[in-house]
Amino acid sequence: MNIEEFISSLAEKGISLSDRQLEQFELYYRMLVEWNEKMNLTSITEKKDVYLKHFYDSITAAFYIDFEKVTTLCDVGAGAGFPSLPIKICFPHLHVTIVDSLNKRITFLETLSDALQLEHTSFVHDRAETFGQRKDVRESFDLVTARAVARLSVLSELCLPLAKKNGVFAALKAAAADEELKAGQKAIKVLGGELEQVHSFTLPVEESERNIMIIRKTKSTPKKYPRKPGTPNKSPIEG
């Protein structure tokens, strides 16, 4: 996806980018590639691929979520900042919190955020399991996102405790196997959520499958969740 395709594909969805925003994406790309030589941030480094598989792919969440109605966003395990920072560039009013367990990645994100002059961004070096038990952040976010390979049952335990009542957890997945959704239903219910919709589509250019699962937080998460670090992965709420 070249820059022109990036601009026109987003414009078709009602997202028009200013010169300033395009400069921010360009700098994001350059810093990602530069820092990637020092640490493992991504295996995708070709410019056209970064714009499609990282930037555009992250922004697809805005095709199904009205970000004008979102103020606070928490991104769990965002790695190199996906999906939250491309979304933040498009919607500057957002207050974004990123939680990541690797300090090196947090250092990259802080440096990147300063270079892009992003306001209202905070980066927390913590495990999602511990962060989700913090009284000052638990059940406080309008939207919680995760673009990760972990199973839906595991992601739900890490993310739903952070969403406020009537807030949303959005899981961005490459492919949504029906069995993963079925296996995740119990966790979603136990944690106070309800599957609202699964949006399935293909990325332009390469036509690869993408799914965005929208889970609405309908009631408070029981206090014991998330369980201690490592437990959600070892024994997910399934069955």
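Quick reminder: no glycine exception, Cβ is built from N, Cα and C everywhere.
The shown structure was predicted, so the numbers you read here are calculated from the model rather than taken from an experiment.
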Say Swiss-Prot lists GLY77, PHE82, ALA128, GLU129 as binding S-adenosyl-L-methionine: which of ARG147, ARG151 is in the same site, per that record?
ARG147
Please work out the number of neighbouring Cβ atoms within 10 Å of the Cβ of GLU129 (S-adenosyl-L-methionine binding site), leaving out its own Cβ.
20
